[in-house]
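Swiss-Prot has this to say about the protein:
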- Tyr71: site 'May play an important role in coenzyme binding' (SITE)
- His79: site 'May play an important role in coenzyme binding' (SITE)
- Lys97: site 'May play an important role in coenzyme binding' (SITE)
- Tyr180: site 'May play an important role in catalytic activity' (SITE)
Amino acid sequence: MALRWGIVSAGLISSDFTTVLRLLPRSEHQVVAVAARDLSRAKEFARKHDIPKAYGSYEELAKDPNVEVAYIGTQHPQHKATVLLCLAAGKAVLCEKPMGVNAAEVREMVAEARSRGLFLMEAIWTRFFPAVEALRSVLAQETLGDLRVVQANFGKSIANVPRSVDWAQAGGSLLDLGIYCLQFISMVYGGQKPEKISAVGRRYETGVDDTVSVLLQYPGGVQGSFTCSITSQLSNTVSVSGTKGMAQILDPCWCPTELVVKGEHKEFPLPSAPGEEFNYTNGMGMCYEAKHVRECLKKGLKESPMITLAESELLADILEEVRKAIGVTFPQDKC
């Protein structure tokens with residue numbers, strides 16, 4: 001049976017995800033509805049992607065009995081309201097990262113999903129790329145020896161993108177880019193809570209975080225560090241170092257196709273998407289998380305074992321603590 005998707009928001013990321021779903025077997029994935037706050041935008045999106053139903057409100061999509069799982073592609077501050085709306089209507093939910101602007105928002109969504117017995121997952125698509133799966137295998141086999149250090153950085157000059165510097169929309173480098181670095185560190189150290197967090201950063205003129213460097217100490221004295229920036233191009237790589245060697249995820253680390261282990265270079269090409277254009281780098285890689293959601297739902301799971309709800313809460317806790325350390329608060333923090 002095909003998993004029936006409803007797409008919440010007709011923006012660029014939703015377009016890429018819908019393109020991917022269209023390219024997957026129709027016996028496994030079907031997009032049955034799209035909703036935008038403007039009906040004309042929803043209809044235009046539906047025409048482009050051959051979607052049978054277009055709604056001018058998120059409420060209408062949530063009420064559609066044909067929708068099994070909702071993909072939330074709204075702006076950061078709208079995630080909580082749209083996730084809660086879809087959960088209240090009995091839908092499974094895949095929510096774009098960051099799941100919430102702060103830890104309280106994430107906890108509220110997680111509590112709602114658990115109380116209703118519904119599936120909820122934060123769409124950290126990076127976790128599902130074959131290059132990252134290969135890295136996990138390397139770690140499981142202890143190829144690198146005892147792990148000591150994880151270093152990651154992700155920076156692009158995107159201050160010209162209005163959303164990236166919009167304080168009201170919870171822009172800035174941490175929630176947009178830093179979360180990718182942090183999730184790598186968290187993955188390597190098994191979702192443990194860091195014992196110590198320190199951070200330095202500069203703010204952009206709009207009040208969002210511009211460039212931030214974070215140092216995390218974990219149990220056993222092992223470390224993780226990352227730098228993220230919306231005004232500077234960084235190397236956009238991840239390195240994991242142990243007593244027997246190093247592994248590197250190469251640029252683009254957030255959607256990687258290359259892994260170097262102790263100097264041995266391995267490539268993991270994306271599935272082909274002939275004739276399709278994506279808004280974001282390696283957009284076809286969203287197929288891996290889509291397939292994962294279907295597998296989880298087929299098994300009757302309420303959360304993903306690859307990115308648990310507890311880990312989503314932990315990531316939100318750390319990101320919020322870092323923001324506080326550098327003096328960045330958003331309107332949602334005062335609620």
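Note that Cβ sites are derived from N, Cα and C of the backbone, with glycine treated the same way.
Features per Swiss-Prot, on structure.
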| residue | record | Cβ contacts under 8 Å, 6 or more apart |
| --- | --- | --- |
| Tyr71 | site 'May play an important role in coenzyme binding' | Trp5, Gly6, Ile7, Val8, Ser14, Phe17, Leu94, Glu96, Ala123 |
| His79 | site 'May play an important role in coenzyme binding' | Ile72, Cys95, Glu96, Pro98, Met99, Gly100, Val101, Glu105, Met109 |
| Lys97 | site 'May play an important role in coenzyme binding' | Glu122, Ala123, Ile124, Ile179 |
| Tyr180 | site 'May play an important role in catalytic activity' | Ile124, Thr126, Ala152, Phe154, Cys253, Trp254 |
Once DSSP output is merged into helix, strand and coil, Tyr180 (site 'May play an important role in catalytic activity') belongs to helix
May I ask you to report the DSSP-based helix, strand or coil state of Tyr71 (site 'May play an important role in coenzyme binding')?
strand
